[in-house]
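Have a look at the structure below, then the notes.
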Ligand code: SF4
Ligand code: SF4
C-alpha cells in the first residue's frame, strides 16, 4: 500500500536525517579543533558514571522541583523514541500502527506514552512559567543570558508542547474514527479517550486532523532534530558522551604540563636529556603554547563541554565570585567557548545564532587579534575565580568549567606575564624565599622555639 | 628531619608544616597545637624545618605552572632524599598538591590531612576528649574547605573530630559538597578581590554567624586560608568577642588540656 504520501515521507525523512548527520559532522570537526587528550581509560568506571549521572540524572536531584519535572520530559523523550520508530515504519510502508501486533505490550507502551506526553506538557508549561513569569534568577540573570539563549529556551519548550499536542490530535482522531466504525484499534489511550468527543464526528475531518497530527508530529521531530545543534537542547545528545569522558581524578588535581617538566629538569640537572620536541607533518617542531589563548589550545573535551552546556546556570548560581557581584560567570566561560568555536570553525545549518550576542549581529570576521581570551573572556573574569570547584560540582552534565579557566589563566601568566601585580609579588616571594610571603626561609622553623611558651594573644 | 636522618632513624610520619603554619602568627598556634598532640600520643614524627619550601600551590592556581613545577621538583628531591613515605599536613592546599599533583612529577607519598589523622587518633582511642568539659554547650559550626571537601571528598573526618568534643555541632546552610568558599583559594589569598558588591568571606561569615545565633560560638576550620578569611570576616562584623575561629587541632588540644 505504498502510495505517494509514503514516497514523500521517505524523501522528507531522508533529507531530515541526512541534514542531521551533516550537522553532527560539523560539530565533530569543531570539537576536534581542540588539543588531543587520552581519555580511553577506566571504561567500567566511566560506564558507571554515565549510568548514574546521565541516564540516572543523579546530579539533577540537588534541586527537587526541576529534577522531577525534568525527569518527566527526559523519560518522555526516551519512551517516545519507540513511538517515533513506529511512525517511521508506518510512514515508509504505509502501514498503520505496525507495532500493534504486540497486543498488551503495545497497549501498555501507548498508555505510558500518553501519560508521559501529558506530563511533558505540564512540565514544559511550568518551565515556561518559571522562566518567563517567576524569572528564576539563574535562568534569567547574567550577561550571557541575552536574547538568543532566552528565546532558544522558550522555543524548545513551546515546540515540545506543540509536538505532544500533535501526538494527541493523532491519537484522538484515530480513536474516534475507530469508535465511529465500531472497530477496535490496537493500543490503550488513557488521556486521548477523555477527549474523544472534542473533535466532532465528521469522519472526513477526523481523518484530516489525524493525518495533520501525524505529519506535524514527525516533521516537527525531524526539524527539531536539526535545530538541536543550534541550541542548548543539544545536551539531550551530548550529555551522554560528555559524562562518559568526564574527569575521574580528584577535583583538586590540575593538569601537569610535561613540556615544562622537561625544561625544569634540564635546568636543574644539565645532564638531563629531554625527549626530542614534537614535530608536525612537515618535520618542523611544534610550537608549544603554554596555557590557552584560543579554542584550539583547549582540549577536545573542553570543547565538547561547551556543546553539552544546557545553560541551566546551576554553576553560576553557586559560584562564590558570581554571587558576590564579580564579573565571573562559569556558564559564560562555557558559552563563550562554544561561540568562539563556531565563529572559527563551522556553525550549524539552521537558526545559526548560537551566538548569545543580541540577535541580528553578524558573524564576526575571524581575525588574528580576536581570540577567546580577551575577545570573549576578559582577564578580570578569570582572576575572580577561587578555584573552589563549586561550578564543577553543580553541573548536571559534568562540565569542567574550572579547567578552562585555569588554562586561560596559564596563558596570561606564562605567555603574557599579565598577572595582577600582587600575584607577581607572590611569585617573586616563592622564588626568593620559598614562601608566598616575604619572610626569610631561615625563620621557617621559628614556630618551634615558641612551642612551650604559651602564646600571649 | 636532618637530625633524625643523621641518626639513621626514619619517622613514622613527616609533618608538612606549610608556609602559613610556619610564618603566619595565628596559624603558628595551630602548628604548635598539632605538634603537642603528636607529642602527646607519642607518634614518631619529623619536620623538615628550614628545608621545607612552598609546595607551589598558590603559583599553580594562579597559572604559574613553571614556578609550581620548580617548587614541586625541588621539594620532591628533598622528600625522596629522606625516603619519606607518609606525610601529614594541616593545610588542605599542601595536602591536595602533594597528594594529587606531586605524583606526576615523581613524588609518591601517602598524604594525610590532619583532620583524617586526628579522626584516626580518636578512633584508636589515643586521644579521648570525651569527659573534657571544655566545650559543653558551646555551639560550633564547621566551615568546609574547598580543597578538602569538593577537591578531595573529605567531608566527614573534620566533623567526626568535632563530634568527639562535647559540643553542640550546628551546620550552616551551604555545607559539604554545596559548601561556600571562604574566598581565599585559587591564589585569591594573595591579591585584592576583583570588584564586586561584597567580599566572599563576608558572605560566608554572615552565614556562619546566622547559624551560630546569638551568644558565644566557635567557627571551626581545617585550613589556614579559611581561618584567615573567617577571622577577618568576624572582625569585620565586630563579633570577635563572642565568636572565635579555631582550627580543629586547636580544639582537640584544648579539650585534651594540652594548651589553654
Ligand atoms: S571554581 Fe571558580 S568559577 Fe567555579 S564556582 Fe568556584 S569561583 Fe566560580
Ligand atoms: S556549565 Fe553545567 S551547570 Fe553551568 S550552565 Fe552549563 S550545564 Fe548548567
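Cβ coordinates come from backbone N, Cα and C, glycine included.
Nobody curates TrEMBL annotations by hand; they come from automatic prediction.
Counting same-chain residues at least six beyond the ends of the domain '4Fe-4S ferredoxin-type' (A:300-330), those with a Cβ under 8 angstroms from any Cβ of the stretch are 27, 30-37, 39, 62-63, 137-139, 141-145, 149, 152-153, 232-235, 238-239, 241-242, 245, 337-338, 341, 378, 380-382, 384-386, 388, 390-397, 399-405, 407. For A:300-330 (among others), the entry in TrEMBL reads domain '4Fe-4S ferredoxin-type'.
Nonlocal intrachain contacts for the domain '4Fe-4S ferredoxin-type' (A:373-405), taken as residues 6+ away from its ends with a CB within less than 8 angstroms of a stretch CB, comprise 49, 53-54, 57, 59-60, 62, 235, 238-239, 242-243, 246-247, 251-252, 254-255, 292-294, 298, 301-302, 305-306, 308-310, 312, 314-321, 326-334, 336-337, 339-340, 411-412, 418, 420. Taken from TrEMBL, the feature domain '4Fe-4S ferredoxin-type' applies to A:373-405 (among others).
Taken from TrEMBL, the feature transmembrane segment applies to A:6-24 (among others).
Residues annotated as transmembrane segment in TrEMBL: A:67-89 (among others).
If you look up TrEMBL, you'll see A:101-130 (among others) marked as transmembrane segment.
Look at TrEMBL and you will find A:151-170 (among others) tagged as transmembrane segment.
Among the features that TrEMBL reports, transmembrane segment is placed at A:182-200 (among others).
The transmembrane segment feature in TrEMBL is assigned to A:212-229 (among others). Among residues of the same chain six or more beyond the transmembrane segment (A:212-229), those with a C-beta under 8 A of the stretch's C-beta atoms are 9, 12-13, 16-17, 19-20, 23-24, 26-27, 84, 87-88, 91, 155, 159, 162-163, 166-171, 173, 236-237, 348-351.
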Contact yes or no, the transmembrane segment (A:101-130) and the transmembrane segment (A:6-24), 3+ Cβ pairs under 8 Å, gap 6+: no
Please count the residues of the domain '4Fe-4S ferredoxin-type' (A:373-405) that DSSP assigns to helix (H, G, I), strand (E, B) and coil. 19 helix, 1 strand, 13 coil
